[in-house]
Amino acid sequence: MAAPPARPDHTRLLHICLLLGVLVEIRAEQIRYSVFEEQEEGSVVGNIAKDLGLAPRELAERGVRIVSRGRTQLFALNPRSGTLVTAGRIDREELCDRSPNCVTNLEILLEDTVKILRVEVEIIDVNDNPPSFGTEQREIKVAENENPGTRFPLPEAFDPDVGVNSLQGYQLNSNGYFSLDVQSGADGIKYPELVLERALDREEEAVHHLVLTAFDGGDPVRSGTARILIILVDTNDNAPVFTQPEYHVSVHENVPVGTLLLTVKATDPDEGANGDVTYSFRKVRDKISQLFQLNSLSGDITILGDLDYEDSGFYDIDVEAHDGPGLRARSKVLVTVLDENDNAPEVTVTSLTSSVQETSSPGTVIALFNVHDSDSGGNGLVTCSIPDNLPFTLEKTYGNYYRLLTHRTLDREEVSEYNITVTATDQGTPPLSTETHISLQVMDINDNPPTFPHASYSAYVPENNPRGASILSMTAQDPDSGDNARITYSLAEDTFQGAPLSSYVSINSNTGILYALRSFDYEQFRDLQLLVTASDSGDPPLSSNVSLSLFVLDQNDNVPEILYPTFPTDDSTGVELAPRSADSGYLVTKVVAVDRDSGQNAWLSYRLLKSSEPGLFAVGLHTGEVRTARALLDRDALKQSLVVVVQDHGQPPLSATVTLTVAVADSIPDVLADLGSLKPSADPDDSGLTLYLVVSVAAVSCVFLAFVTVLLALKLRRWHKSRLLHAEGSRLSGVPASHFVGVDGVRAFLQTYSHEVSLTADSRKSHLIFSQPSYADTLISLESCEKSEPLLITQDLLETKGDPNLQQAPPNTDWRFSQAQRPGTSGSQNGDDTGTWPNNQFDTEMLQAMILASASEAADGSSTLGGGAGTMGLSARYGPQFTLQHVPDYRQNVYIPGSNATLTNAAGKRDGKAPAGGNGNKKKSGKKEKK
């Protein structure tokens with residue numbers, strides 16, 4: 001890179017000349033203004049724009065501004081008007097102190113021409129400060145014996161203003177003792193002096209108050225003042241003097257310690273130590289110093305000890321006063337003590353009995369005491385008294401002795417202890433009295449038996465209470481005390497239901513709390529009568545009895561018990577018959593239940609919980625009658641399953657359910673064609689049923705597989721033109737036939753030949769279940785066939801299928817059940833009031849077994865219903881005369897809502913037919929009703 005060419009020297013010289021020219025021009029251009037101090041902010045100092053010959057708007061264009069530095073900016077440039085104004089209040093005294101000339105400089109820069117303008121502003125003083133003294137008050141001490149003409153310097157005033165506004169002179173207020181003289185120093189400062197004109201007397205006037213005034217020459221004139229206190233210093237030229245030569249005072253005896261007796265006073269006109277007077281006792285005796293005290297500064301005489309008139313009634317005290325230098329004065333204080341009734345009577349008990357039996361006779365001496373008063377005259381006369389409401393009296397014997405006696409017989413139950421206050425009062429003014437307290441205990445005797453607050457008690461206990469439960473707390477009161485009031489509780493011995501009462505309840509002998517020793521059952525007993533005895537421990541003991549009725553409250557703790565229909569022992573359900581010709585409202589059967597509870601807990605309601613055919617049957621809410629809700633149709637399934645729930649109204653409610661199987665057919669043979677419910681073999685070693693089931697399942701499976709194979713072959717023949725379907729068919733040849741259940745035509749086959757094997761834990765009791773086949777001569781729809789349930793066939797029935805002689809015979813159309821022949825509780829036929837229920841579950845099971853046995857005989861056609869051996873007497877027992885009756889004694893507790901009857905031994909009416917006569921369990925067979 002080439003080096004830059006060197007500048008010629010004449011260029012540098014040109015710059016220096018220009019700079020010098022600017023400096024010369026700057027010095028030449030200087031502006032001077034003046035302004036008074038204490039002007040408001042924004043006050044105009046001068047017009048910069050006018051002095052520079054510029055228009056106001058050119059100031060901003062040319063960049064005119066103040067560049068002064070180093071101190072607070074006092075001025076500002078108004079850019080609109082071009083004037084120089086004050087930036088705040090200006091204090092000349094703060095800025096220039098006492099300098100006679102106060103000038104401040106500032107510089108203004110013109111940026112376009114780089115010119116600096118120098119401006120001087122003179123601050124003109126105003127009289128804004130008055131003369132002031134350093135202190136508002138000055139004290140000057142002058143001895144009272146000072147000679148006239150003596151000078152005393154006074155404080156100087158200061159005025160920060162200058163010139164004529166500064167301090168000009170002093171003035172002193174007029175007085176008869178002092179004058180003012182002002183001296184001027186070489187520096188021009190004036191010094192004021194105080195001059196004593198005549199002799200002083202402190203006792204005449206101790207302090208002189210003067211006012212010194214300083215003033216300036218401003219307009220208006222300002223001034224300042226200072227207070228001058230001339231304090232005269234005393235000399236000891238006077239002795240103390242008492243206000244009285246003798247002081248007389250009277251005081252009552254026994255005044256409190258510290259009481260002010262009187263104040264002695266001595267005066268001394270001197271001041272300070274010369275006038276400070278102190279007091280003291282003169283010729284002090286020990287007795288005086290113990291009873292009286294003199295304050296050495298104030299002269300107060302106070303009581304230091306107890307004054308007693310009996311000791312001394314008069315005191316003579318010498319008092320002395322002296323000032324600081326030692327001048328003294330003397331006086332006397334004469335004290336008279338006044339007598340007062342200051343002694344209260346004294347009571348001394350010489351004999352006292354602290355306790356007395358409540359049976360003591362009137363006039364028994366309780367105490368003997370003496371009274372004494374150390375005062376004399378009326379102050380020593382004493383009278384004694386006791387409260388009027390007490391059963392005691394005072395008797396004065398001799399001298400000042402008194403006896404305290406009983407006035408009547410005492411009763412400890414009314415008042416067990418007496419606090420007797422004996423008051424002894426003298427006749428002084430004011431009277432003084434003394435109280436003595438005598439405590440007397442009244443000893444108890446056993447004269448009150450325990451009492452119960454109630455004549456009898458009743459307690460209510462819910463049944464099923466836990467053993468040891470608290471039933472009731474019984475409390476007896478005995479107004480006696482001690483052992484006479486210690487009560488024990490017991491139960492009177494008795495028996496209930498052959499057992500002692502002590503096995504049912506017990507009572508705490510100390511607290512009277514009754515406890516249950518067993519869990520009560522409302523169904524066993526409902527109330528218990530007890531006799532509670534309360535005995536005290538006195539000698540002899542006293543006692544009282546009170547009766548207690550214990551009522552057991554019923555709880556809903558018994559589930560409704562279904563009496564009919566009963567549950568068979570083989571876990572199957574009973575079968576009820578409903579003819580297909582039955583209309584709406586036909587009584588199929590009746591559910592009968594009882595509840596061992598009472599009240600609402602035994603109020604039962606019936607409702608249909610579940611039905612295989614909704615809307616076909618209805619159950620009476622309060623009667624339990626199962627009736628048809630509509631007429632039976634041919635499409636209705638042969639077997640209908642109903643679940644009836646029986647619920648009480650307890651809290652919480654309890655319920656029981658029963659499952660009813662209703663066979664829809666006109667006669668039993670119609671039912672037995674497809675329905676069987678026989679008792680399984682009881683032989684546990686018999687395995688024939690299991691083998692038979694296995695063989696049957698295998699045979700049916702083979703037939704089903706063959707059918708599916710044939711059906712598949714027909715389908716493949718129809719689709720043989722399709723190679724794809726042919727290939728799929730060859731792959732399906734090894735698939736089990738059960739995969740093709742959904743093929744058309746199989747559904748009808750399955751309806752006819754489908755089967756189900758129910759294997760329970762005991763395979764010998766397993767059932768083979770067949771669905772009812774569809775016959776061409778029956779009018780059962782496909783839907784009803786699908787809804788029908790499988791029928792149970794036990795092993796005994798299956799074994800008969802192998803015998804050709806045991807084939808089902810045609811049903812006998814005469815063997816039909818009428819409405820009156822159905823088992824029920826309220827009489828499904830015309831019965832008498834003496835008909836009975838089955839005595840137990842065994843009878844009900846026997847009834848179902850006979851129905852099934854008869855159905856088996858009807859199936860093989862080997863017997864009739866004439867009551868022979870083969871029928872087990874079905875026609876004789878399964879008729880109107882065999883009605884169910886509930887035997888237990890709690891039937892009368894059952895209330896059937898909706899009727900006025902209760903469950904009794906009489907059979908209810910049904911279907912509006914009158915009952916037939918009969919006795920005991922032997923009933924005449926009713927006529928069969930034909931539909």
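Glycine too: its Cβ is placed from the backbone N, Cα and C atoms.
According to Swiss-Prot, the feature compositional bias 'Polar residues' maps to 805-840.
Annotation comment: Swiss-Prot describes 921-931 as compositional bias 'Basic residues'.
The domain 'Cadherin 1' feature in Swiss-Prot is assigned to 29-133; the stated evidence is sequence analysis. The domain 'Cadherin 1' (29-133) scores a mean pLDDT of 84 in the predicted structure.
Marked as domain 'Cadherin 2' by Swiss-Prot on the basis of sequence analysis: 134-242.
Residues or ranges marked as domain 'Cadherin 3' by Swiss-Prot: 243-347.
The domain 'Cadherin 4' feature in Swiss-Prot is assigned to 348-452. Sorting the domain 'Cadherin 4' (348-452) by DSSP state (H, G, I as helix; E, B as strand; all else coil) yields 4 helix, 53 strand, 48 coil.
When DSSP labels each residue, the domain 'Cadherin 5' (453-567) comes out as 7 helix, 51 strand, 57 coil, counted as helix, strand and coil in that order. The domain 'Cadherin 5' feature in Swiss-Prot is assigned to 453-567; the stated evidence is sequence analysis.
As annotated by Swiss-Prot, domain 'Cadherin 6' applies to 570-682.
Less than 8 angstroms from the CB of Asn419 (N-linked glycosylation site) sit His437, Ile438, Ser439, Leu440, each of them six or more residues away in the same chain. The N-linked glycosylation site annotation in Swiss-Prot covers Asn419 (among others).
Marked as N-linked glycosylation site by Swiss-Prot: Asn545 (among others).
Under the heading region 'Disordered', Swiss-Prot lists 801-840 (among others).
Annotation source Swiss-Prot lists region 'Disordered' at 901-931 (among others).
The feature topological domain 'Extracellular' is assigned by Swiss-Prot to 29-692.
Look at Swiss-Prot and you will find 693-713 tagged as transmembrane segment, backed by sequence analysis.
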Sort out the sequence-distant neighbours of Asn545 (N-linked glycosylation site) for me: same chain, 6+ apart, CB within less than 8 Å of its CB, listed by position.
Ala492, Leu531, Val532, Thr533, Ala534
In the domain 'Cadherin 1' (29-133), how many residues does DSSP put in helix, strand and coil?
16 helix, 41 strand, 48 coil
